[in-house]
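Everything below concerns the one structure shown next.
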Amino acid sequence: MDQTEVPKLRCQRIGCDATFTEDNNPDGSCTYHDSPFFHDGMKEWSCCKKRSHDFSLFLEIPGCKTGKHTTEKPVLAKATPTPTPKNPFSPPTAAPATNSSSKESCPRCKQGFFCSDHGSQAQPKAAPAKSCASAPAKKVVDINQPQTCKNQGCGQTFKEKDNHETACNYHPGPAVFHDRMRGWKCCDIHVKEFDEFMSVPPCSKGWHDADPAS
């Protein structure tokens, strides 16, 4: 008689995302975080006070708590940010330009010529940089070596021999946090709860990338 394979469950703790079975879930097998806090572009874990401005680096901060895996979604408590020490010495304030109005009305400055009265020359506008999507630059790795994709919203394990231009489902980003809302600018989806934000399905396809450019 064939033995039925026990279905694996997905841990719902923040920072874990591992699979487990009820009969193989010892205490200490789960490493996780409590609730996140977002304020003025800073992302912070309320449990260990570790923080980062970059969302991808923020999610890579190792969990600081251990316990058993669970399928129950955590209740996110409201956290307060770690106070940032204020600099007692305020930086000097730049003096406002006194000749800005006369410079705008100067015929030589308007035409882009050097003006001895205002000591400046009109600078040509730099052409906007062109961006093009392409396969990430590959470093020398074993094509059979398992790697973890670092693209936002993916996180899958892959082998380079199986990598191709539609293998990865991800968010190009950036992640947006504003007025208690979390979302992705790439697909214009915004939600209030952090677990809902983490469940927003990826909107783009591309190559898996274990070493994305910073």
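Backbone N, Cα and C define each Cβ position, glycine as well.
These numbers come from a predicted model, not from an experiment.
Here is what TrEMBL records for this protein:
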- 82-94: compositional bias 'Pro residues' (COMPBIAS)
- 11-69: domain 'CHORD' (DOMAIN)
- 149-208: domain 'CHORD' (DOMAIN)
- 76-102: region 'Disordered' (REGION)
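Model confidence over the domain 'CHORD' (11-69) is summarised by a mean pLDDT of 85. Counted with DSSP, the domain 'CHORD' (149-208) comes out as 8 helix, 19 strand, 33 coil. Residue counts for the domain 'CHORD' (11-69) under DSSP, helix first, then strand, then coil, are 5 helix, 20 strand, 34 coil.
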